[in-house]
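Copied from Swiss-Prot, the annotated features are:
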- R114, K120, S122: N-acetylneuraminate binding site (BINDING)
- C35-C163: disulfide bond (DISULFID)
- C40-C96: disulfide bond (DISULFID)
- C157-C206: disulfide bond (DISULFID)
- C265-C308: disulfide bond (DISULFID)
- 139-224: domain 'Ig-like C2-type 1' (DOMAIN)
- 229-324: domain 'Ig-like C2-type 2' (DOMAIN)
- N95: N-linked glycosylation site (CARBOHYD)
- N151: N-linked glycosylation site (CARBOHYD)
- N200: N-linked glycosylation site (CARBOHYD)
- N203: N-linked glycosylation site (CARBOHYD)
- N369: N-linked glycosylation site (CARBOHYD)
- N372: N-linked glycosylation site (CARBOHYD)
- N387: N-linked glycosylation site (CARBOHYD)
- 508-556: region 'Disordered' (REGION)
- 559-564: motif 'SLAM-like motif' (MOTIF)
- 17-439: topological domain 'Extracellular' (TOPO_DOM)
- 461-569: topological domain 'Cytoplasmic' (TOPO_DOM)
Amino acid sequence: MRWAWLLPLLWAGCLATDGYSLSVTGSVTVQEGLCVFVACQVQYPNSKGPVFGYWFREGANIFSGSPVATNDPQRSVLKEAQGRFYLMGKENSHNCSLDIRDAQKIDTGTYFFRLDGSVKYSFQKSMLSVLVIALTEVPNIQVTSTLVSGNSTKLLCSVPWACEQGTPPIFSWMSSALTSLGHRTTLSSELNLTPRPQDNGTNLTCQVNLPGTGVTVERTQQLSVIYAPQKMTIRVSWGDDTGTKVLQSGASLQIQEGESLSLVCMADSNPPAVLSWERPTQKPFQLSTPAELQLPRAELEDQGKYICQAQNSQGAQTASVSLSIRSLLQLLGPSCSFEGQGLHCSCSSRAWPAPSLRWRLGEGVLEGNSSNGSFTVKSSSAGQWANSSLILSMEFSSNHRLSCEAWSDNRVQRATILLVSGPKVSQAGKSETSRGTVLGAIWGAGLMALLAVCLCLIFFTVKVLRKKSALKVAATKGNHLAKNPASTINSASITSSNIALGYPIQGHLNEPGSQTQKEQPPLATVPDTQKDEPELHYASLSFQGPMPPKPQNTEAMKSVYTEIKIHKC
């Protein structure tokens, strides 16, 4: 009996399969936060009563469980699927399409469709597999025009891959540039940007948050701003210094004459500017690159303003540096000589910046153009040269130092002459012992003269000693001749003179650039201050007279007559 009532039920199930079919995609994949539409068609036998559709998770209880989507208003859906899963077909519809919005990772799984109402059927053999993966899409940033400094430009951030049926995304802009928000749509946001030169190369970020899932994505774009050259600088290096120095436009630079110089021009611009150099003279110059100017050996004529020009499509700008060349300080002189009743001295100096000259007499300073009864100073300058002359007509009772001093740009050079007491030269040119004459000598020359005198005295002393030794030998051998009355000294003369020491001093260049030097007269003579001391002499002896008759005795000694001549060395 039990099998009797089961047979009609089995037959009814078989009949139920006739006329039921489900056409749906077996599986779909969707990125997190996005939407997916699953097309579905269901076929079932006609019925006069209402027919509702339901989508359940695999394993759910069709009677007590909640579907994820349904068109039955009396049936509540699963809480986590509420507002996101939609059954697109209405009551008694053959449309079983499923729309999943704001997909979440928990949505991954298998689903089946069921009919309920006047028709009841579950399509568990036609399952739908849903896979939710991580979101890989990012926003798009579109620049409507070229970014030019100072010009307002619109930028658009959009998420065309998002679905309008889902929760509207939230747009955020991040930039250091001057911006303001423009028009907004569901899937796009507009930004008004006014770029500046400093915005070139900076980042602009559009960030999109999908609130339905809490997922946030963003895109960052580097701004390329077109602007004219600005902030020009010049990097310099010179001499043996391997380091560099950066100068702002209008700065000054001073280097030593003969040093090498490198000037590198730098400009901030986009696109990169074309660089060129201008210099104050027509002298050719060397360019390693268009931006670098080189002077292998700086000369005074290289002084002046050097101008670098930078130019691109947006404009031009220049930068300059003023170059001054500092030449070595050279002191020529002093040179002195007696002229008339005074001592005339002159001194010259060459340098750049132009030097200045002054005289120092003892502790006093003589400079400029000045005059009194004792001295006269005349100074002049032209270009790199400074000249000064000094006339001294004063007397000195003790030694004094006379210096010529040149200075330029914190550099000083000095040359000193020693003035000593001595006989003064009168108008007639004769020596007057009652008055002293100013004597000058450069210290170095004086030492050399003293050394020469010492060597000469040593030489003469040795020579005299040799002569005296020879005379003694001759006197011993011819002692008997001295008794001969025919043997007489006809003449004997002794002369003496003062020893004069001259101190020639190197002359100075009378005109700038002259390289010739004129010989100067001796600066002074040293008088003989030890008149009472005996002087060293050497003498040669010769005897002259008639020859005596030849003695009969051949062994007799021969007599020679001569005269004695004494000469001073």
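Counting starts with 1 at the first residue shown.
Every residue gets a Cβ built from N, Cα and C, even glycine.
The model shown is predicted, which means the values in this text are computed figures rather than measured ones.
When secondary structure is read from DSSP and collapsed to three states, C206 (disulfide bond) falls in the strand class. The Cβ centroid of R114, K120, S122 marks the N-acetylneuraminate site; residues of that chain outside this set whose Cβ lies within 8 Å of it are Y54, I62, L115, D116, Y121, F123, given in sequence order.
Separation of the C-alpha atoms of C157 (disulfide bond) and R114 (N-acetylneuraminate binding site): 43 Å, rounded to the nearest whole number. Taking Cβ-Cβ distances under 8 Å and a sequence separation of 6 or more, the neighbours of N200 (N-linked glycosylation site) in its chain are L223, S224, V225, Y227, N270. Note on proximity: among R114, K120, S122, the binding-site residues of the record, the Cα nearest N203 (N-linked glycosylation site) is that of R114. A mean pLDDT of 88 is what the model gives for the topological domain 'Extracellular' (17-439). Highest Cβ count within 10 Å among the disulfide-bonded residues C35, C265: C265. Residue pair N151 (N-linked glycosylation site) / C206 (disulfide bond) shows a Cα separation of 21 Å. A gap of 20 Å separates the Cα atoms of N372 (N-linked glycosylation site) and N387 (N-linked glycosylation site). The recorded positions examined here are N95, S122, N372; by Cβ neighbour count within 10 Å, the least packed of them is N372. Of the candidate recorded positions, N95, R114, N387, the one lying closest to C40 (disulfide bond) when CA atoms are compared is N95. The shortest Cα-Cα distance from C265 (disulfide bond) to any of the binding-site residues (R114, K120, S122) is found for R114. Within 10 Å of the C-beta of C206 (disulfide bond) there are 26 other C-beta atoms, taking all protein chains into account. Spatially close to K120 (N-acetylneuraminate binding site) yet at least six residues away along the chain are R114, judged by Cβ distances under 8 angstroms. Taking the Cα atom of each, N387 (N-linked glycosylation site) and C206 (disulfide bond) are about 76 angstrom apart.
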